[in-house]
Amino acid sequence: MVSLPRLCALWGCLLTAVHLGQCVTCSDKQYLHDGQCCDLCQPGSRLTSHCTALEKTQCHPCDSGEFSAQWNREIRCHQHRHCEPNQGLRVKKEGTAESDTVCTCKEGQHCTSKDCEACAQHTPCIPGFGVMEMATETTDTVCHPCPVGFFSNQSSLFEKCYPWTSCEDKNLEVLQKGTSQTNVICGLKSRMRALLVIPVVMGILITIFGVFLYIKKVVKKPKDNEILPPAARRQDPQEMEDYPGHNTAAPVQETLHGCQPVTQEDGKESRISVQERQVTDSIALRPLV
């Protein structure tokens, strides 16, 4: 009769032999099928039939619009990804038989996940905050509050905090202190303001006084083109005495016409023709016999 320890050892050897017979090791690019190691299909292809004792694994290339990125034994390839424009996506890299389509976001947006399934608008840094890191295709803008001595007065996707203006460097004084959103306001010192204001005021007063004198002079100056009345134009410097029998008629001009004196009435012009004047001149120059 077999003892119990021997029986246990016998069953252990039997189970070990059975287990070793079924434990077949395949390589990284193989898979176990019906006790045999079959080759996996390479990237860009799919499985059509498993291997047998007489034939190797049968694979077929992926169709257009499909891909397989790894060594596989799948009977179907994967569809290329579609970049949906309504979600703000665009194609960054076209897909191939071995790789999927790569999508990214449009300008001004970034992916909300690692797979870039959706997009979101870049977040601008509000006034009082500056840009620490600008947004990218996969990350949003990183903002930080402006420290003391710096400011940001606008919402921006790229502006950093700017330092306050140094009034001392410009020989000015601080009129208003700066904040995280506003710059320092500089101005002239009190003494300098007085030195500048006094000459300006004096210049304005002198200009006004000069204009006043000029207007006054122009108003008092008589007009050159003023027309005197007829009585003033005809008045002689000295009054003429009236004598009895004084003839005030204008002098009468006499001319010769055909060796006879001709009296020309006042206010009338001489009407002697050129031919008559030549005859008169020839008679006057003829010597007497």
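Cβ atoms here come from the backbone N, Cα and C positions, even for glycine.
In the three-state DSSP scheme, CYS37 (disulfide bond) falls into the strand class. With a cut-off of 8 Å between CB atoms and residues at least 6 apart in sequence, the same chain places VAL24, CYS26, SER27, GLN30, TYR31 near CYS37 (disulfide bond), listed in sequence order. The annotation disulfide bond is assigned in Swiss-Prot to CYS26-CYS37 (among others) on the grounds of sequence analysis.
In the three-state DSSP reading, CYS51 (disulfide bond) counts as coil. Sequence annotations record features per position, and here Swiss-Prot assigns disulfide bond to CYS38-CYS51 (among others) based on sequence analysis.
Within the same chain, the residues at least 6 positions away from CYS59 (disulfide bond) whose Cβ sits under 8 Å from its Cβ are CYS41, GLN42, SER45, ARG46, LEU47, THR48, listed in sequence order. The feature disulfide bond is assigned by Swiss-Prot to CYS41-CYS59 (among others), with sequence analysis given as support.
Under the heading disulfide bond, Swiss-Prot lists CYS62-CYS77 (among others), citing sequence analysis as support. Close to CYS77 (disulfide bond) in the fold, though at least 6 residues off in sequence, lie SER45, ARG46, CYS62, ASP63, GLU66, PHE67, SER68, ALA97, each with a CB less than 8 Å from its CB.
CYS83 (disulfide bond) carries neither a helix nor a strand DSSP state and counts as coil. Per Swiss-Prot, the feature disulfide bond maps to CYS83-CYS103 (among others).
Residues or ranges marked as disulfide bond in Swiss-Prot: CYS105-CYS119 (among others). On its own chain, CYS105 (disulfide bond) has GLY88, LEU89, ARG90, CYS111, CYS116, CYS119, GLU137 as residues at least 6 apart in sequence with a Cβ closer than 8 Å to its own Cβ.
Taken from Swiss-Prot, the feature disulfide bond applies to CYS111-CYS116 (among others), supported by sequence analysis.
Sequence-distant contacts (6 or more apart, same chain, Cβ under 8 Å) of CYS143 (disulfide bond) comprise THR123, CYS125, ILE126, PHE129, GLY130, VAL131, MET132. Per Swiss-Prot, the feature disulfide bond maps to CYS125-CYS143 (among others); the stated evidence is sequence analysis.
If you look up Swiss-Prot, you'll see ASN153 marked as N-linked glycosylation site, on the strength of sequence analysis. A 10 Å cutoff on Cβ-Cβ distances gives ASN153 (N-linked glycosylation site) a total of 15 other Cβ atoms nearby, all chains included.
Swiss-Prot lists 228-251 with the feature region 'Disordered'.
The feature repeat 'TNFR-Cys 4' is assigned by Swiss-Prot to 145-187. Confidence annotation: the repeat 'TNFR-Cys 4' (145-187) carries a mean pLDDT of 95 in the model.
What Swiss-Prot lists as transmembrane segment is 194-215.
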Checklist outcome for this item: Across every protein chain in view, the count of C-beta atoms other than its own within 10 A of the C-beta of CYS116 (disulfide bond) is 21
Checklist entry - In the repeat 'TNFR-Cys 4' (145-187), how many residues does DSSP assign to helix, to strand and to coil? => result 3 helix, 13 strand, 27 coil
